[in-house]
Amino acid sequence: MIQSADPSTAPGLASIVWSPGPLGKSLSTSSRLDLVEGDPQLRPAPGAAETKVYRRRWVMLVLFSAVSASNAFMWLQYGIVSNIFTRFYGVDPLAVDWLSMIYLLTYIPLILPVLWLLDRRGVRDVVLVGAAFNCIGAWVKIGSVGPELFAVTFFGQFVCSVATVFVLGIPSYLASVWFGPREVSTACSVGVLGNQLGIAIGFLLPPILVPNVEDMDELAGHIRNMFYITAGVATFLFILVIIVFQERPELPPTQAQARARSLPPEQYSYLASILRLVRNRPFMLLVVTYGLNVGCFYAVGTLLNRMIIIHYPGEEVNAGRIGLTIVIAGMVGSLICGIWLDKTKTYKQTTLVVYFMSLVGMVVYTSTLSLGHLWVVFVTAGSLGFFMTGYLPLGFEFAVELTYPESEGTSSGLLNCSAQVFGIIFTICQGKIIDTYGTLPGNIFLCVFLLIGAGLTGERSNGFGGFVTLLKVQCAKSLV
């Protein structure tokens, strides 16, 4: 067993020279270099720093998750009722699609500056700025309720999209800074669940709050009420972040965090960290496969209303409920995957299994969408969401393991950047295919890229055999 915190003692890490930013870089608490409390096979190294896990870590996690949920809700509040907003503003469907895709586009040029800010200023300032942009954008949209004010609503959505850059990659970083080694993957999953909860609410509430009525004045009133609700929630959360959210605990939760705090900040080079990640071939392969999977999820979420309405006219509310089913099932999948990783650390095998099942779920959803039975769509969409959304925290945690001891914020930021790029490409292409040829070719288009992603994932994994062996071992331990 490894008892030293010296990277030279770990195979494959000897060539990495790393030291933290001014506030202390977060390290992977699930790394082989960390001391796991309570493990009888490990003994603390001489002179080990004092560590402590604080109860208020859950307050930080829940508050962050709420901010992320608020922002994610506003991503989908247009798209899930896109036919209504198309009629209200008198624009074509692609223009309304861009109200969702602007979230993806904004992320790409801003992620590197935000990662630099995370290294220089810390997680509190980053979350605070994100909550501020979220609040400002929500209030701007209140002034956009009018058929001639599409530009205003687009600007408000753009401001909200800036907030996404500040919150989307935080879960793995926050988990490592605040949580112990046996709960870090679960905490990361909970952080991702916040975003997924916002998406779930974004699927559910807009069709209820903005019914498809003919009278334009009545419709404007419904839209205004929805915007007031989102602005009120965003403002409340912004105030809570100012008052409650903290940078880090007084004592580190793990020995890895203790080491991060002890290293001199002047040795850290943000540019060198980025270059090391780009040269890390296994990580860059994960960047591509993660982008393919999550990009497909973004496309499905953005275009779900259009796909459902084509086969089931007038079912805007059920389209939202189907989206809700996708996300709720995915939240369950995320939590299960997080708990599984905390117990087994089988990143490669678990990632491959979940990715392959995402492909299977997409194929089943594609083949059943046009059967004419909404209950079948609910079932197949739920199975798709369980694995496709459940993959999100897997990607974050696997990236942490592949890139240790680099910052979790940097690795997850690059993953999300890839997802935004593929999300824009897939949404535009699938939307055009659906408009021209129908939903079946559009969904087959996504299946092809998921197949490619599954193949690339299999390239770096040990296959299903290792996963099955681990599953048997875990079952045997449970029985004992």
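Just so you know, glycine gets a Cβ as well, placed from its N, Cα and C.
These numbers come from a predicted model, not from an experiment.
For 57-480, the entry in TrEMBL reads domain 'Major facilitator superfamily (MFS) profile'. Residues belonging to the domain 'Major facilitator superfamily (MFS) profile' (57-480) score a mean pLDDT of 84 in the model.
Tertiary proximity for the transmembrane segment (58-78) is limited to same-chain residues at least six positions away from its ends with a CB under 8 Å from its CB atoms, namely 85, 96, 99-100, 103, 127, 130-131, 134, 137-138, 141, 153, 157, 160-161, 163-164, 167-168, 170-171, 174-175, 178-179, 187, 190-191, 193-199, 201-203, 205-206, 226, 230, 233-234, 237, 240-241, 244-246, 301, 323. According to TrEMBL, the feature transmembrane segment maps to 58-78 (among others).
Residues or ranges marked as transmembrane segment in TrEMBL: 98-118 (among others).
TrEMBL lists 125-142 (among others) with the feature transmembrane segment. Nonlocal intrachain contacts for the transmembrane segment (125-142), taken as residues 6+ away from its ends with a CB within less than 8 angstroms of a stretch CB, comprise 64, 67, 70-71, 74, 114, 117-118, 152-153, 155-167, 170, 224, 227-228, 230-231, 233-235, 237-238, 241-242, 245.
Annotation comment: TrEMBL describes 154-175 (among others) as transmembrane segment.
As annotated by TrEMBL, transmembrane segment applies to 187-206 (among others).
Positions annotated as transmembrane segment by TrEMBL: 226-245 (among others).
Summarising the annotation, TrEMBL assigns transmembrane segment to 283-301 (among others).
Sequence annotations record features per position, and here TrEMBL assigns transmembrane segment to 321-340 (among others). Distant neighbours of the transmembrane segment (321-340): 76, 80, 185-190, 192-193, 196-197, 199-200, 202-204, 300-301, 304, 308, 346, 350, 354, 374, 377-378, 381-394, 397; these residues of the same chain sit at least 6 beyond its ends, with a Cβ under 8 Å from one of its Cβ atoms.
Residues annotated as transmembrane segment in TrEMBL: 352-368 (among others).
Summarising the annotation, TrEMBL assigns transmembrane segment to 374-394 (among others). Cβ atoms under 8 Å from those of the transmembrane segment (374-394) belong to residues 171, 185, 188-189, 191-192, 196, 290, 293-294, 296-297, 300, 308, 312, 315, 318, 321-323, 325-334, 336-338, 341, 347, 350-351, 354-355, 357-358, 360-362, 364-365, 368 of the same chain, restricted to positions at least 6 beyond its ends.
Residues of the same chain lying 6 or more positions beyond the ends of the transmembrane segment (440-458) and with a Cβ under 8 Å from any Cβ of it are 285, 288-289, 292-293, 295-296, 299-300, 303, 307, 351-352, 355-356, 358-359, 362-363, 365-366, 369-370, 422, 426, 429-431, 433-434. Feature annotation from TrEMBL assigns transmembrane segment to 440-458 (among others).
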- Determine which recorded stretch among 187-206, 283-301, 352-368 has the most C-beta pairs below 8 angstroms with the transmembrane segment (98-118). 283-301
- Within-chain partners of the transmembrane segment (187-206) [C-beta distance under 8 Å, separation at least 6 from its ends]: 57, 61-62, 64-78, 80-81, 167-168, 170-172, 174-175, 178-179, 226, 301, 304, 320-324, 326-328, 330-331, 334-335, 337-339, 389, 392-393, 396-397
- Same-chain residues at least 6 beyond the ends of the transmembrane segment (283-301) with a Cβ under 8 Å from one of its Cβ atoms are 76, 79, 100, 104, 199, 203, 277, 323, 326, 355, 358, 362, 384, 388-389, 391-392, 395, 398-399, 402-403, 411, 414-416, 418-423, 425-427, 430, 446, 449-450, 452-453, 456-457, 459-460
